[in-house]
Amino acid sequence: MSEIPTRAVRELTIRVLRCNPAEPEQTPEWQDFRLEEAEAMTLFVALSLLREEQDASLSFDFVCRAGICGSCGMLINGRPGLACRTLTRDLPDTITLAPLPGFELIADLSVNTGKWMRGMSERLETWVHDAGLADHNLAQVEAPMDPALAREIYELERCIECGCCIAACGTAQMRENFVGAVGLNQVARFRLDPRDTREDADYYELVGDEDGVFGCMTLLGCEDLCPKDLPLAAQIAFLRRKMARA
Amino acid sequence: MRPSVNRWPARVDVLQSASGLLLVLFIWGHMFFESSILLGHDAMYLVAKAFEGQPLLSEPHPELVSIAGGTVLMLIALHALLALRKFPATWRQYRELHGHLGRMRHWDSTLWYVQVITGFFLFFLAAAHLSQMMLQPEDIGPYASADRIWSDHYWLLYAPLLLTVHLHAAIGVYRLAMKWGPFSAATTDRWRGRARLLMVSALAFFLCLGTASLVTYMRLGAEHAPYKGERYTPSWERE
Amino acid sequence: MRILHTDVLVIGGGLAGQRAAIGARRRGLEVTIISLVPAKRSHSAAAQGGMQASLGNCRGAQGDNEDLHFADTVRGSDWGADQQVVRMFAHTAPKAIRELAAWGVPWSRVERGEHSITVNGQKQTVSEADAAHGLITSRNFGGTAKWRACYVSDGTGHAMLYTMSNQAIAAGIPVHERMEAVALIHDGERCCGAIVRNLMSGELVAYLARATCIATGGFGRIYRVSTNAIINEGMGAAIALETGRAALGNMEAVQFHPTGIFPAGILVTEGCRGDGGLLLDGAGERFMPGYEPEKAELASRDVVSRRMEEHIAAGHAASSRFGEHLWLDIRLLGEAHINTQLREVQEICQYFLGIDPARELIPVRPAQHYSMGGVRTDPHCHSPTLRGLFAVGEAACWDMHGFNRLGGNSVAETVVAGMIAGEAIADFCASPEGALTVSTTLAEEFHRREANKLAAIAGNSGGESAVELTRLMQETMTANVGIFRHGDKLQQAVNTLRDLLQRSANVGLRSQARGPNPELVAAYRLPRMLKLALCVASGALAREESRGAHYRDDFPRRDDQKWLCRTLARWPGDDAETPQLDYEALDVMGMELPPGWRGYGARDFIEHPDTATRQAQLEQALAAAGELDRHARQQLLMPFLHLLPAGLQARNQRLGDAP
Ligand SMILES: Cc1cc2nc3c(=O)[nH]c(=O)nc-3n(C[C@H](O)[C@H](O)[C@H](O)COP(=O)(O)OP(=O)(O)OC[C@H]3O[C@@H](n4cnc5c(N)ncnc54)[C@H](O)[C@@H]3O)c2cc1C
Ligand code: HEM
């Protein structure tokens, strides 16, 4: 029935880009680790084993290890992805791991996506804007919302701010201030939300420039590598049309 | 609209795409006219004269060709100027982009890079071709063109121009579709699939068409080489 | 030494911490949040299934109200909860959800017309009223009389946490990310901040605050198999414990969730069963109705987990090369349902098991899931023994869960407690007690102490390995302090853990790297985790009864006569090897719902002598009062509204109520 398929044991070479900015005398370099593959091994399991058994100083970030929190984005064989839910059996014998580009490096595979995302949120004001919020009557029955609309908003709300779309975006790699798919998706999400009282003119002020939606060159790396399969291309195209007319 | 807001980023983005679209429409149309040579000397002659306004004005006016060429050149200049903003501007950006494309092995990102490179070459190739057309607008015709292409070695310009312009145009159309297209989450895959199909078929079609006519011109040029300079007289004007 | 001053220091950026921070900020205080990870990555994001609040909008929820929510929660807790707190909670939960709705959470909504649902393996059709269209809907969860778990597909916690974090950003509350509180600064009476280690640079900073609030979540990682995030190591509870003043309540009450995927332990939500999914054994047979005719798969978690392990022990498991397990079957819900309402489950199955749950069975086995225990507080989320220290969320023992938490009540608690704590913290800061009088020498002293400790650990060349000791701790906890407990095994566990605690002083480091030295982090967290583990194991050993999630083979009955009380664990001093345990009685004479049978699980228990008296007293009072509406009735039996902030006291309106 639901048996996990078996396979002969492989020896994996895990090649990690090591760099610890706190030790400036060390230069970034690739380091190879060898590891025996186990059944249903994820990169979370593999990296944890490396740290436990081979190199205690290896830095990386895992939190939920279930593909939900977005902490463990890294370049896996050159492409961004969530390490916790990447099974080694889907990868070749040699696996290269590098930190997500486009973010401040903390050490090895650990990058400061949190700081970037907070900056993005502050800049795009990614919250429901409604003057009445502070003295909202909580005892009252909530305002109704169309069920289909709620589903649509959730579809965009599923973003976990892992940073994969930024690492997958040629524009973001060239231009530091580009808000990227993660930011544009947030704007699309709030624009869709009737509880947010902002209008297109307000959104235009946030993303109506080269660092916003008009900076996107439609390379579609975000669309293809988003771990949550968010409809990013559709959202950006939609936003571009709206903003061009705003 | 708030008065303080800067509308230029929106306008510029639309202009970039619109100029690109116009250029694509132009080049695709141009291909059909140019390849009229495949239907014979007379067909090509008629098309050339049509563009000189002969059917309407009863006299050929090659200046019209110059004007059209100038317009296209200006359109290209505008388009190139706008697109230039997207080029990697610094060494750092160039390095980042290169590293990124190398690592990602991502089809669409690479296509964009192809567009940048072809765009860069087009700047020279298209300018060379168009200025030539503007300066000698009367020299378009079955013999004149064939002579230029063969005896004056213009095929060395046209072959790469053909390849670059069609790569650039086909990818450009795909990009336009993905950039502005009215697709939704549910229809993204279908839309994208069709846009890709359009890109590939347009590229294949126009490359074939272009190659066929270029080869024809070259063959005609080679045959006509001994009489270089002679102008074509349509069959109905010969006795 | 760097000292940062703030009015309120909130340790933890999950749902609970951020809601408390927003509340205090709204009252004009300067608030700083610190968190191990970016706030949006806190483990609250992993909550899938739902948040309980008695809105009563959809068909399955019709007739729901605070009274039913209260009764379900108390029964779920096996009468271990503080009933006044449960009342405060049930009364505030609808407000919490409505606040979140206004703030932007895209709650799934009622859709008018006919729907097909799955109950007891059968398809049924229900019809939703026009009037309810567009209001917040809810799903069925274990141990509840009504469909009460409001949800956002199965990304409830994610949607809640993002909305909450965004509101915190809107309020301008700074979150100092990748910061770990390693000690509370206190003088034995009053807590006045924390010593905090920067996990990127290793720097130690003192944060001085008028009020400090612990919101650090659970400590599941003291177990080997847990649904918790790997950062859920209980450091907040541990540093409170290490003050020697603050107490940890009911640490032995640890919840095991029936459906951790096997073997990884990643959770698939209770919503799977709530929506109609079934548990099957190795033979592909449904077995829960045989054990629990009343609620079957939807009995409370402690009961279902126990029945599953019982069934496995009786030889009915399926087996794979990883060991024995059971199956969760959600195929009958249909692909469309799974792809809209159980999306995360679908993804988890796809990525971690390589299966499609619409077509295949999901291998599951109970896994550690939730810590009912935590920093003991009063109903205002304030530590009764260390003033200025507040605690909220899973890290706290506010005590609305007693010995077993109901699914969906936890994220609800985080927000509700956050709302209450925010006000309580502001009230405290405004009171004379709230002034910060300590001198910076106290901060310096604590700073020096922590710096010395870290230096000693970093310089230790002992032969022990933190990895190895952690593994031993986790195995001990899973093997001996799990779902079925026994005196001998618990004693063994206490001995082993005590031994490990001693050995942990000898952990040597291999790497001396500056910056984010993960090895150092593991080494200094280890003894703290061991102390928590000792609180759990010692508490479990001492409690000679079975209540909620705490089940003793050797004492299988609930014993209200001896054990209707809350365990309080304190760490007597730096050299102590085991916690000091005290007990706080639960007063039957103050209960609105005196102890009885839960409606599922074991029927026999030893009654408390006061139970009959209290029951009679309640009946008498009601008879004497004559006709009363349910609010007045409740007020008569056990007043609680006075404990709530004024802004949260209003009656909740529901569909069909006269406005
Ligand atoms: C897989 C899973 C699914 C769940 N599903 C549901 C559900 O459907 N419904 C439900 O009601 N409940 C559910 N729960 C339980 C619920 O999610 C948690 O109990 C709740 O979210 C805890 O919230 P919190 O704010 O208390 O803590 P968390 O969200 O865990 O946040 C803790 C915060 O404290 C920080 N922190 C920890 N230690 C320190 C330190 N020493 N210094 C600084 N910061 C620190 C962390 O960085 C983090 O920001 C689920 C739990 C799990 C594990
Ligand atoms: C001097 C010559 C040219 C240069 C330097 C140039 C450059 C570029 C570049 C760099 C882009 C990508 C812009 C982006 O990603 O936003 C682009 C897009 C495009 N180009 Fe050109 N180009 C030139 C000529 C042409 C010609 C002759 C055509 C028509 C055949 C054309 C059609 C397009 C189209 C349709 C697009 C897509 C428009 C868009 O992305 O908005 N270009 N061009």
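Glycine residues also receive a Cβ, built from the backbone N, Cα and C atoms like all the rest.
Unlike curated records, TrEMBL annotations are generated automatically.
What TrEMBL records for this protein:
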- B:HIS30, B:HIS79, B:HIS129, B:HIS168: heme b binding site (BINDING)
- B:12-33: transmembrane segment (TRANSMEM)
- B:64-84: transmembrane segment (TRANSMEM)
- B:111-135: transmembrane segment (TRANSMEM)
- B:155-177: transmembrane segment (TRANSMEM)
- B:197-218: transmembrane segment (TRANSMEM)
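Each of the binding-site residues B:HIS129, B:HIS168 was scored by the number of other CB atoms within 10 Å of its CB, and the largest score is that of B:HIS168. Note: the heme b site is recorded as B:HIS30, B:HIS79, B:HIS129, B:HIS168; in the same chain, B:LEU23, B:PHE26, B:ILE27, B:VAL72, B:ILE76, B:LEU122, B:ALA126, B:LEU161, B:VAL165, B:ALA169 also have Cβ atoms within 8 Å of that site's Cβ centroid. Residues near B:HIS79 (heme b binding site) in space but far in sequence (CB under 8 A, at least 6 apart, same chain), listed by position: B:GLN16, B:SER19, B:GLY20, B:LEU23. In this view, B:HIS30 (heme b binding site) is surrounded by 15 other Cβ atoms within 10 Å of its Cβ, with every protein chain counted. The largest share of C-beta pairs under 8 angstroms with the transmembrane segment (B:64-84) comes from B:111-135, of the ranges B:12-33, B:111-135, B:155-177. Among the binding-site residues listed (B:HIS30, B:HIS129, B:HIS168), B:HIS168 have a CB atom closer than 6 Å to some atom of ligand 2, in sequence order.
When the record's heme b-binding residues B:HIS30, B:HIS79, B:HIS129, B:HIS168 are compared pairwise by CA position, the greatest distance found is 18 Å.
Beyond the ends of the transmembrane segment (B:111-135), by six or more residues, the same chain brings 65-66, 69-70, 72-73, 76, 80, 83, 86-87, 97, 101, 154, 157-158, 160-161, 164-165, 167-168, 171-172, 174-175 to within a C-beta distance below 8 angstroms of the stretch. The secondary structure of B:HIS79 (heme b binding site), as reduced to three states from DSSP, is helical.
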